[in-house]
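Scroll down for the structure; my scribbles are underneath it.
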């Protein structure tokens, strides 16, 4: 192997003056973003203490004598940094372009240790936790302890300063403690909405996909609501002791904190909190989904409760979330054509959806799907089973029938199949339809499965779906001679029954890359856990599928390009213009209304602040969306004039070269690289140890897609193997890909 580094997925091989300039700009942007972020986090950490309070007091003295007053001062120091980082991140992504660069490095005795891929905790309430995530948990834990300690000291100083009478000290201290708990809750809420912005610029910057980031939202949500609950409880207890509970509970002051809006916000938050607990979310998902829409009530009444002054602390993250919600709304209004649909013998459904040729995505992406004949409100996430290189005009998903919604979809497809095979004519009005809407695709910013020479893909059941996209992506690159780092791939797939083997029909490996064994060392190990021996028909089950049906075209078309993970220039422009529009609207409001008419009502100013946030996204962001949509429509028409066509099975044909035609004459036998074992489960320790002699001291990317128990089992073995590994053993890097929404 060469000692030097050779770029992978790089469009320009020799370094030029322009590439040096681009690299320099990227380094400068990364340095500035890091500096702003570290300074911001240090200030947030210091804020509960006396030093942080003094810094904020001095800052307000300097910056509050402006048009925006004290609210602008608070917004600038608490929310401003995250918006500035988001804008710089959009510029960074624009400069970086669409393709990432992976390098083939010299093998050393000690492969690289990565904080994001080494599992530290594998059991417990947090699930599988990487070293980086564990470090984050520890930092937040220390911050909470420090904040409680610092605020306790400040509370005692306040008691001494005001010379509170002994009989009132307990009530005063209780209410003061409640105030501090509320402030800690607001500091947690600064980060609460950042992980659930599906197309977030910030998530794309650090390359954390939405399905991974949701767990951070869950953790922060539990902590935020715990502090807000303590905040409300302290006041309720104090007011009860005073005998003024009902009187103060329904108080709505014009100046100062309005209590009743806070009560409404807290009740909405508690309903979301209780229904988001794992047991409730797992068994009553629709209850969780519908109650979680109360976040609008929660946010709006929080603004009414604390006013614009304190609400500006959390406004940055909420503004980015509103941007994401509006863009998702615009994309999801378009109905998308279903090119084909079929049902596999195992009951899994395959839908092939139309997409514009200018929509880019990576393997391991996923979409949110709505079928209007089933529900106008329900959106369900599904992994994309097709590779970006499979074709420019379609995206395929595999859907396992597990619940009521998927069962209804299966019945709808059955009705459609029966209608197509009826002899008599059916009126268009009574013909079964499938009207779909799509959000996404979302996923990793970079194709990280291409960052390893050696891959281990571990799947359970329908979890094999995203690995079809990975295999197809690698095979296409090998066939076309494109840069592709993986050379050894081991697939470990555990299924309950052999009828699930029909899922393998979703990918035809020899037809994608004839003679692929000369270019890729591929091994597929399948474990059928609930059968001790093969059935008679198991040898044919991979080839048997139900005929494809082509649903009647609706008034829809291909998927919309309006997705946050889409074009970097348009998504960056959408963010920048909306942010400028928000600042402009706040400026005009202050000049011509608030300052002119001396508006002092806290809750009213908080409402106006929220209205400006929403209006700036609708007006200024909406203007960008209109032009973005027109651009996507025009460029899509130009790229669609190519030679690619989509057949009934959702496969795109192309003009094969002579070499390809010759290669197709010989089909490689799937049994040469596929091993099926019955009545046993995969022994991951033995599997990983067997790779020691085969692969040696290398970095191995392990991607797991399946139930939490499977992820935990694999993570345990990786952690154990990494701790006790010797110098000539591979180092495994754990990555999970699953939905827990």
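Cβ coordinates come from backbone N, Cα and C, glycine included.
Note that TrEMBL annotation is computational and uncurated.
Which of 573-594, 639-660, 661-682 counts as transmembrane segment depends on TrEMBL, and there it is 573-594.
Long-range Cβ contacts of the transmembrane segment (27-47) within its own chain (Cβ-Cβ under 8 Å, at least 6 residues beyond either end) map to 53, 55-56, 77-78, 81-82, 84-85, 88-89, 91-92, 95, 143, 146, 187, 190, 205. For the transmembrane segment (573-594), the residues of the chain that approach it from at least six positions outside its boundaries are 67-69, 72, 83, 86-87, 90, 201, 319-320, 323, 327, 605, 608-609, 612-613, 615-617, 619-621, 623-625, 628, judged by C-beta separation under 8 angstroms. Contact between the transmembrane segment (606-628) and the transmembrane segment (169-196) is not supported: fewer than 3 Cβ pairs lie under 8 Å, counting only residues 6 or more apart in sequence. Beyond the ends of the transmembrane segment (217-242), by six or more residues, the same chain brings 126, 137, 140, 144, 170-171, 174-175, 177-179, 181-182, 184-185, 188-189, 191-193, 195-196, 248-249, 262-263, 266, 269-270, 272-273, 276 to within a C-beta distance below 8 angstroms of the stretch. Nonlocal intrachain contacts for the transmembrane segment (455-475), taken as residues 6+ away from its ends with a CB within less than 8 angstroms of a stretch CB, comprise 348, 363-366, 382-390, 397-398, 400, 447, 449, 484, 486, 488-496, 500, 503, 506-507, 509, 512-513, 516, 520, 522, 682, 684, 687-688, 691, 700-707, 710, 714, 732, 737-738.
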